[in-house]
Each structure stands twice: as structure tokens, then as C-alpha cells.
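Chemist: One structure, as C-alpha cells, below. Some questions next.
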Amino acid sequence: MDYSDPAELRESYDGAPLDPRGLAPQPMDQFHAWFTEACEAELSEPNAMVLSTVDPDGAPSARTVLLKGYDRRGLRFFTNYRSRKGVALAREPRACVVFPWHAIRRQVIVYGFAERLSDEENDAYFAQRPHGSQLGAWASEYQSAPVADRAELDRAYARCAEQWPPGTPVPRPEYWGGFLLVPQEVEFWQGRSDRMHDRFRYRLVSGTPSEGAWQIDRLSP
């Protein structure tokens, strides 16, 4: 096979049918069921999700971030508020994430609005992070900004390591914290044979995401 030609790369999907009668009324309950199955399938980082945002000039941008919590209210992730995504979400909170669970022929897309988490939630999670990751948050104060070279980053990290040696509590930087992506629309995709995939979309029609009414529609593949 000529791997230089993407058109020659094909994969047959053989996922089980997605029966609408078995879908949970609430999308985050359905997400919980699928996320559990993705973890049980021992996928590499099933909590990895592609986050898409819109820059102040209207240009889209995307990157992979890690899901760090979820419930019926939405999905939680953490970042540097000064990063490209942090700045984008501060100005335009609309965003979407994709969970690409290729190995089990599934994908979940969540569209919604990002809200900053409270200082209490941010402090609690930051305190749980490995010591090295805490230092990294301080060393990369202006995430996404250009740096001269790797040595500049290493020097910044070394200064932080000297200031907070192992066993020393590391405070959370004020520019570091989390977001809650509050869902407004969620799509579940199950790969099927002959590209006749099963797709179901949840759309919030009234109330809050956690207790409101969701309309479920089958979408054409």
C-alpha cells in the first residue's frame, strides 16, 4: 500500500447497532456509559478531547486537552488562562470538543458554552496535581507565547524547582484554572458498515442541561 496517498487508506467499521431505545434521556448520562466503556476497552487516554475555539479575529483553532471531570452540568478541563484557548474562551465562550474513540468505532461531539470554574474548584484540583506539573504551570507563565529556545524553558523550570522543592506546597498561579463546558448539543456517533453510521443528536430545548428537556434526533450518516 502507498501510505503517501491518504485516499488509499480505508477502514471497515463493524460497530454494533446503536438502538435509540437504549439511549439515556440525558446526554451526560449517555456520555458516562460510553466513557466507562472506552476506559474498560483500555483505550490510550480516553479522556483526551479535541477542543475547538474561536479567536478574537474569528479564526478557529483546535488542540487536544484532557477531560478532568464531568457530571450532568458539563465537562471540566484545566489550562493557562493566558493561553490561546484561555484568551479565546474569555472573549467567545462558545466551543466544542470531540472525543475520537477510533479503536471502538465511536465519537462524541459536545457543543456548548465555557464557564470559568470557581477559585475553590481550581485550588482543589491544582493541589492534586503532581509536583512537577505544578512547577510547570509556573514555568510556562505565558503559555502559547514564543520563547527563544528550550534552554529558556528549562531555566524557568529550574527557578521554580528551587523556589518550591519537593515536599513544599505549591500555590496555584492566578492565571491557571479550569473551565466547565456547559452542553447545548451532544452527538453520539457509532461506526457501521458501508459508511451507514448511526448518529444521534441531543439538543437542549428547555431548562438547564442538568435537569432540562433534551430532544433526541437520528441524523443521516
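The backbone N, Cα and C atoms fix where each Cβ goes, and this holds for glycine too.
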Chemist: With Swiss-Prot as the source, identify the stretch among 1-21, 127-147 annotated region 'Disordered'.
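Modeler: It is 1-21 that Swiss-Prot describes as region 'Disordered'.
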Chemist: Counting only residues 6+ away from its ends, which parts of the chain sit with a Cβ under 8 Å from the region 'Disordered' (1-21)?
Modeler: 104-106, 188, 190-193, 195, 197-198, 200, 216, 218
Chemist: Within a 10 Å radius around the Cβ, which one of these binding-site residues has the most neighbouring Cβ atoms: Arg10, Arg129?
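Modeler: Its Cβ has the most other Cβ atoms within 10 Å: Arg129.
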Chemist: Return the member of Val65, Phe78, Arg84, Ser144, Arg199 nearest to Ser12 (substrate binding site) in space, with distance defined Cα to Cα and candidates limited to these binding-site residues.
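Modeler: In terms of Cα distance, Ser12 (substrate binding site) lies closest to Arg199.
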Chemist: Would you mind listing, in sequence order, the residues at least six apart from His197 (substrate binding site) in the same chain with a Cβ closer than 8 Å to its Cβ?
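Modeler: Non-local contacts for His197 (substrate binding site): Tyr13, Trp189, Gln190, Gly191, Pro221.
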Chemist: Could you work out which of the binding-site residues (Ser12, Gln107) has its C-beta surrounded by the smallest number of other C-beta atoms within 10 A?
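Modeler: Relative to the other binding-site residues in Ser12, Gln107, Ser12 has the fewest Cβ atoms within 10 Å.
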